[in-house]
Every structure is written in structure tokens, then in C-alpha cells.
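In what follows, a structure is listed as C-alpha cells, so that the remarks can point back to it.
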Amino acid sequence: MSKSIDEIRQEFLNFFHSKAHQIIASSSLVPNNDPTLLFTNAGMNQFKDVFLGIDNRSYRRATTSQRCVRAGGKHNDLENVGYTTRHHTFFEMLGNFSFGDYFKYDAIRFAWELLTSKQWFNLPQEKLWVTVYATDYESYNIWTNDIGVPLNRIIRIGDNKGIAYNSDNFWQMSETGPCGPCSEIFYDHGNHLLGGPPGSIDNDGDRYIEIWNLVFMQFNRQSDGTMLNLPKPSVDNGMGLERIAAVLQNVDSNYDIDLFKKLLDAVALVTGTNNINSKSLRVIADHIRSCAFIISDGVVPSNEGRGYVLRRIIRRAIRHGNMLGTNNTFFYKLVAPLIEVMGSVASNLKVQRSIVEQILRTEEEQFNRTLKRGLTLLDEELAKLNPGDSLKGETAFRLYDTYGFPLDFTLDICRERNLDVDQTGFKSSIEAQRKRARESRNFRDYYSNLLPLEEISYFLGYEQLKHQSRVIAIFHNGHPVDIICNGEEAIIVLKETPFYSEMGGQVGDQGELKAASGSFEVIDTQKYGNTIGHLGKMSYGEIRIGMNITAQVNEIRRQSICLNHSATHLLHAALRQVLGPHVQQKSSLVKDKYLRFDFFHSKAMKLEQIRQVETIVNKYIRRNISIKTEILTLEEACKKGAIALFNDKYDKYVRMLSMGDFSKELCGGTHTSRTGDIGLFMITKESGTAANIRRIEAVTGEEAIILFHQQNNLLNQVTQLIKSDNQTIVNKVRTLQEHSRQLETYINKLTNKYAIQQVLSISHNVRNIKGIKVLVTQLDNVESKVLRIMVDHLKNKLGSAIIVLATMIAGRIDLITGVTKDLTDRIKASDIILHIAQQVGGKGGGRADIAQASGGKNTHTLATALASVEAIILNNF
Ligand code: SER
């Protein structure tokens with residue numbers, strides 16, 4: 001019996017644990033605070049700062065099983081998925097790391113022992129091949145002399161096209177950051193498969209598969225290509241779990257391992273296909289893994305950045321579903337079987353299941369609609385072409401970009417109609433778009449923009465708000481300076497500081513840095529690597545490096561922030577209680593004036609649910625629970641039921657914040673000491689920010705009291721105005737509404753009566769022009785509403801007529817014209833109104849049978865304007 005994937009993962013971790021490595025949890029797929037990276041793409045990502053020497057850990061050896069996504073960015077396997085036996089958008093990387101501890105010798109020795117020792121993976125040595133970077137003689141010698149790999153199975157790989165460090169055996173995470181030469185171990189799956197050994201022309205086949213990459217981290221690559229030495233040579237070894245599982249389960253393809261076999265069965269079931277060898281099945285099985293995990297790590301489909309990549313993967317899966325003949329929404333149905341096959345790795349996904357399904361379902365339904373619209377556009381464009389013509393590349397691009405039609409999709413449809421596609425035009429449109437995307441890239445080079453800080457500042461602000469400290473660096477316009485003077489802006493770094501730097505949604509502190517020679521107003525605090533920077537301006541005097549200063553946080557503001565942060569935790573717990581455990585924080589903002597909390601939930605909250613949440617939070621505020629922080633290992637914290645959020649890096653120890661048993665979260669923020677301090681919690685708004693994401697805004701403490709008073713004042717004003725009180729106000733407003741409705745009906749009746757009277761009083765003005773009844777009259781102080789009723793009455797009364805009425809109210813002229821239907825062929829009310837209106841300076845228009853104008857101010861020309869009506873009639877009849 002071969003080992004299951006779960007056993008292999010565990011055995012790997014056990015092996016390195018036995019070699020004194022700390023077992024660390026996988027980080028999120030969304031790298032925290034690293035704009036150079038789209039998704040976590042390697043085990044080393046969470047340790048990037050440790051390699052760079054700007055983060056310290058309590059351990060020097062670590063091992064992980066890291067969930068990774070390679071779709072977009074430097075390492076992108078998306079287009080290969082389904083077409084090879086070994087590429088995935090989502091995979092788990094088994095890693096072992098040394099941070100300035102062991103280097104090449106032990107890295108190689110450990111790898112060889114795990115792979116070949118009888119006690120562990122027990123692989124035949126003759127099946128293993130090795131590559132090294134061409135100039136890495138040290139590794140070459142270790143492999144040959146210490147390990148004893150025969151020379152014919154060690155291949156030295158140099159730089160591609162002679163470009164320095166551009167080699168399969170030089171690994172770097174992204175365009176910048178830690179990197180180094182690597183040595184790879186390959187497994188020969190046997191001569192029944194095609195493909196040559198590494199370094200050969202046909203090395204892309206399925207026979208020799210790279211299973212382990214041993215990276216010797218030595219450099220920090222800058223955006224201009226310069227390689228700086230890392231503070232300490234380190235190790236980053238990564239092995240694809242699915243690949244080693246294929247080897248140990250003695251199958252040729254990753255898709256034949258236990259996990260994928262089950263998942264492929266599930267895909268066949270939900271798509272209803274018999275074609276179990278189809279590539280599309282593999283694509284879908286792969287894509288559900290990346291999509292479900294990406295969503296459960298907090299990303300939703302959108303049109304930019306990570307959300308866009310997610311959308312493209314979902315669409316690709318759906319299209320492959322369509323290729324298998326599926327018409328129904330199917331993709332979301334794979335979340336449940338996925339949870340089943342992923343075992344303990346899917347614990348968070350399990351909690352998120354309903355919302356992940358919902359997001360996938362909404363996206364698929366929406367895409368199916370887009371697909372239909374795209375097909376309509378394509379049909380329209382194709383209708384314009386004759387057999388043998390080509391569809392414009394631009395159109396194919398629009399279908400691709402806006403409607404998600406891959407080129408081969410469009411090609412297929414065109415081929416059926418004997419049409420071609422201008423593929424060159426398509427490619428140049430894509431290139432132009434890529435260029436635009438590159439230019440507007442958010443994922444900029446982050447590290448090279450960092451202030452050149454090596455100092456570590458210590459945060460003391462959990463306990464103190466005031467501290468005597470020393471200035472260790474000053475930056476003005478991004479450059480280090482020795483002194484900062486009156487009125488100048490700067491970033492000041494202290495040895496120790498009570499100022500909290502913006503993190504985890506909590507804003508940075510404000511306050512004052514006071515020296516004997518001057519004072520600096522801090523308007524924000526930010527973290528740069530391990531250094532805390534105080535951003536602000538000199539209020540007066542000067543401050544120099546080395547000076548002693550008193551750092552004083554604005555206490556009132558900090559306290560308000562603490563209240564909002566603690567209330568955020570209560571809110572999170574209350575939402576889970578009222579809406580369900582799928583409620584997961586998407587993002588949060590904790591300021592002094594208010595808090596904002598975005599979370600996954602598919603529907604708008606009902607008013608009673610909002611009240612329920614508010615009531616629960618206020619109940620726990622009144623219980624006045626003491627808020628405790630504990631430093632624990634991640635494992636201990638998880639055992640105690642802590643919710644871990646968006647932390648892509650877990651140190652050995654984490655900070656767990658508890659409010660009794662009601663709320664336990666890992667959190668680095670500042671909090672108040674008892675829930676009672678929050679005083680009052682009021683939700684001010686519930687809204688949606690995107691599909692399946694809701695947002696709550698709320699206030700606490702003083703701000704809640706202010707809001708409460710404002711609302712009370714409003715209520716008081718209204719009750720006074722309508723002469724009511726809090727008990728009777730609603731009934732009173734209803735009565736007033738009813739009363740005003742009655743008045744309106746009454747006024748309408750009166751207006752009608754009045755209009756009839758007016759009609760009677762002017763009927764004698766009717767003249768006969770060429771056999772047509774014409775009534776042109778000026779009235780005084782008649783509302784335009786009445787004029788309209790009068791025209792209707794006059795039309796009825798006269799049967800066939802042309803009517804023009806004018807009235808003056810407060811020096812302004814209102815006009816109306818009516819033409820009975822039998823005459824509108826010859827003359828139109830709208831033409832007459834324009835003719836008169838322009839003479840009196842008014843504006844208006846309307847239909848052939850009725851038209852109105854208003855705003856005319858030339859009262860002295862009104863009589864002439866009205867007299868001119870006769871001439872137009874004469875012209876038309
Ligand atoms: N970082 C290397 C890789 O991803 C090895 O862990 O291949």
C-alpha cells in the first residue's frame with residue numbers, strides 16, 4: 001500500500017522536525033504587505049523579511065507545507081494546467097528553511113536522506129538526477145564527493161543566452177528580493193514516457209520530473225538588477241507535494257494521485273461527462289483548488305489585481321465545463337468534495353464553505369450572462385462578413401478582454417462559418433493592453449523604495465503612552481539627515497516608542513516628540529521593515545540625531561482607537577453568532593472616530609439582524625469583561641479557538657486577544673482593558689461593497705453618545721414641530737400625512753371648479769379664422785396647472801379648435817397651447833408655443849396637441865406675441 005498524500009505531508013514535516021526544524025503553519029495565499037507579489041507562490045514568501053535580515057524569528061530552522069498559487073506574476077503556470085502531468089495553479093510546497101544556520105552541505109544531505117533512506121521515502125538512488133548552477137562548484141563537489149551521485153547524473157546548468165543569473169538553476173521569488181543559485185533533484189519516471197534528462201533538448205517531457213528545488217539564498221536583487229549580499233547565506237528548499245506523491249504512489253501523473261483521483265471523479269459527476277480522459281476534467285479539478293482557497297483567503301472576483309486573476313481562473317474552469325457539455329452552474333458544487341480530499345488543510349475552507357460556494361455561483365451565473373452577450377456581439381460582427389473574410393483582431397480582443405472569450409473559442413466559432421480571425425491584430429491588441437497594465441502596475445518594487453533602515457525600533461505602546469527615548473534616524477524627503485528644523489516635514493525614528501504604527505487596519509498614532517530644543521508633531525506612524533517611523537512636522541525649534549526626547553502619544557485619540565478596536569472584535573463575534581460562522585473579516589479599519597468592518601456575507605442584513613448584532617455587542621460591553629492578551633504558540637492559540645486572520649506570517653509565538661469565551665482573535669492591535677470602557681456601540685450603516693461583501697460602519701464611546709444626542713435632538717425638534725411626544729409621534733405623522741392627502745384631493749376639486757368657471761368666462765372670446773375656432777386669451781394669476789385643465793375643458797367644449805392661453809404671475813409669463821387632434825396634421829401646439837415663447841423670452845415645448853412654456857419676462861411684448869398667432873394659423877390653413 002502506498003502512502004496517502006496526508007501521510008506524505010506529515011512524514012516530510014516529521015523528518016525536518018527530527019532535524020530541529022520548527023514546524024510553522026502555512027501562510028495565507030494573499031501576501032500581507034508585499035506589493036511585489038500577487039499570490040503566495042513559494043514556501044519562502046512568509047520568510048522573505050527573515051532572509052533579508054529585517055525580521056527576526058525565535059528559530060533558525062523551519063519547515064512548512066505551504067499552499068501556493070502560480071497564476072499570474074513571475075511564476076505563472078496557468079496556461080500549462082491540463083496539458084502537462086505536473087503543472088498546477090494551486091499546489092502545496094513542502095519546505096525546509098535555514099536562516100543563517102546550515103547551508104549547502106546540510107541542505108543537500110537532508111534532502112538526500114529523506115528521499116533515499118529506508119526509514120523515510122526509500123527511493124532508488126539510480127532514479128534520481130541532479131542539476132547545479134554551472135558556477136556552483138561547492139554544490140557540485142558535495143553531490144559528487146559527499147553524497148556520491150555518479151557524474152553522469154549530475155548536470156551543470158548555466159545562464160540562458162548568457163544573461164547573468166537567467167537560469168533554471170538560479171531562483172528568485174519575483175523581480176526583486178531574495179534569490180540565489182539552486183540545485184534541483186529530478187525523478188526518472190521510466191522509459192515508457194517521453195522526455196529527456198534535465199538540460200537536454202527534450203527535457204520538457206513527462207519522464208524526468210523536477211521534484212525538489214534546493215535554493216541557496218545569497219542575494220537581494222534590486223530593481224536595477226544589482227545583487228546585494230544577504231546578511232547571512234540561507235536555505236530555501238521546496239518540494240511540490242503533488243509531485244512527490246506521484247513518485248511515492250508510483251504513478252506517472254500528478255492527476256493520478258489519490259487526492260486528484262477523487263477530485264476528478266467529483267468533477268465527472270458534477271459535469272455529467274463520460275469523457276474521463278478529457279484535459280478539461282483536469283483543468284477543472286486543478287482550478288477548483290486555487291479558486292476555493294483564494295476566496296477563502298479573502299479575495300473576491302473583480303476586474304483588477306488578484307480579483308482579476310481569480311476571475312480568469314474561474315472563467316477558464318467554466319469554459320472547460322462548457323466544453324464537456326455542461327449547461328448548468330456546476331463549479332461551486334466542487335467545493336464540498338474539495339474539502340473532503342484536502343483533509344486538515346481545508347479547515348478554514350470548511351468554515352467558509354457556504355460563502356465560497358455562493359461567490360463561485362454568483363460569478364458563474366454572471367459569466368454565463370456575459371457569455372451570452374459576447375455571443376450576440378460576435379454574431380453581429382460575423383453577420384457583416386462574407387465567407388473567406390477575417391474577423392478583426394480588435395473584435396477578437398474585445399471578446400477576450402470584456403467577455404472572457406479565449407482566442408480558441410472565437411477561432412472555433414469562426415471556423416464553423418468558414419471565416420478567419422486576424423490573429424496578428426489580436427496579438428498586438430493584447431500586447432498594447434499588457435503595456436498599459438505594466439505602466440499602471442500596483443505591484444511595484446517595494447523593497448527598493450524602503451527607507452534604508454537597519455535599526456530595529458521597539459514598540460512599548462501596549463503598556464505606555466509616554467516614553468523617554470533617543471532619536472536614531474531622521475529622514476527628510478526620503479534621505480537621511482542629521483537635523484530637522486522648524487516647519488520641516490520628516491520621518492523620525494526612535495530607539496523605543498510608545499507610538500503604534502498602522503497595522504491590521506488600526507491607524508497609526510498621533511502625538512508629540514518633545515526635545516529640549518524643539519517639538520515635532522506626529523501626524524501618523526508607519527512601519528518600515530522592523531523600524532517604526534514617526535511622520536510629521538517640526539512645530540518649533542530643531543531636533544537632531546542622538547537627542548533624548550519625550551515621545552507622547554495623543555492619549556484621548558489612542559483611547560478612542562482602542563475602544564473601536566475592541567468593539568470590532570465584539571462585532572466580529574456577534575456577526576458570526578447572528579449570521580453564521582462563515583462570516584470572515586475581509587478587511588477592517590479602526591480609527592478614532594469610527595470603525596469599519598468588511599466581511600463575507602451574501603445578503604444585505606435585515607434591520608432586525610442589525611439590531612440583534614448591536615444588542616449582543618452592547619450586552620458584552622455591559623458585562624464589562626476583562627480583555628486579556630496572551631502570547632502563545634499558534635497551535636495553542638488555535639486549540640483555544642482563536643480566529644486567525646490574514647496573517648501571512650506567523651512567528652513561533654502569536655498574540656491572542658480574548659474577551660471571555662465570546663471572542664478570541666490573533667491580533668497585534670491595541671485594546672482597552674475591559675469591554676465596559678466601550679460604553680456604547682451603535683451601527684451607523686450597513687451596505688454592500690461588492691458581490692458577497694457587506695460593510696458595517698459603527699461608532700463607540702463618546703462618538704456613540706454624540707450620535708445618540710444628535711438623533712434625540714432631531715426627534716425632539718420634530719416632536720415639537722408637530723406638537724407630539726415620543727409615544728405618539730408615529731401616529732401623529734401618519735395623521736398628518738392622511739390630512740395632507742385629503743387636502744390635496746380637496747384642492748384638486750377646487751382647482752377643477754375654478755378652471756370650469758374660467759372657461760365659461762372666456763368662451764365668448766372664440767373667433768373664427770378660416771372656419772377654424774380659435775381662442776387666444778390672456779388671464780391673470782392663474783396657475784399653470786389650472787391652465788392645463790382649462791385647455792382640456794375647452795377642447796371638449798369646442799370640439800375642434802386651436803387654443804392659446806397666457807397668464808402672468810409675479811411678472812412671469814406662463815403659456816399653454818392646445819390643438820384638437822383633427823387639426824394637428826396642419827398645425828402643431830408645439831410649433832405655436834415656440835413661436836410665442838421666443839417673443840416673450842420664455843422656453844418650452846411639448847406635443848402636437850398640447851404644449852407649455854414658462855419663464856418669459858417680456859410682458860410688454862406679450863400682446864403682440866399673442867396677436868401673431870393669427871398669422872401662423874392663416875399661413876397653415
Ligand atoms: N523557493 C523555491 C521554489 O519555489 C524552493 O523552495 O522553487
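Cβ atoms are placed via backbone N, Cα and C, with glycine included.
Annotated domain 'Alanyl-transfer RNA synthetases family profile' per TrEMBL: 3-710, in sequence order. Residues or ranges marked as Zn(2+) binding site in TrEMBL: HIS565, HIS569, CYS667, HIS671.
Cβ neighbours within 10 Å of CYS667 (Zn(2+) binding site), excluding its own Cβ and spanning all shown chains: 26. DSSP classifies HIS671 (Zn(2+) binding site) as coil under the three-state reduction.
Neighbours of the Zn(2+) site: apart from HIS565, HIS569, CYS667, HIS671, residues of the same chain with C-beta atoms within 8 angstroms of the site's C-beta centroid are CYS562, SER566, THR568, VAL590, ILE627, LEU657, GLU665, GLY669, THR670. Summarising the environment of HIS671 (Zn(2+) binding site), the number of other Cβ atoms within 10 Å of its Cβ, over all protein chains shown, is 24.
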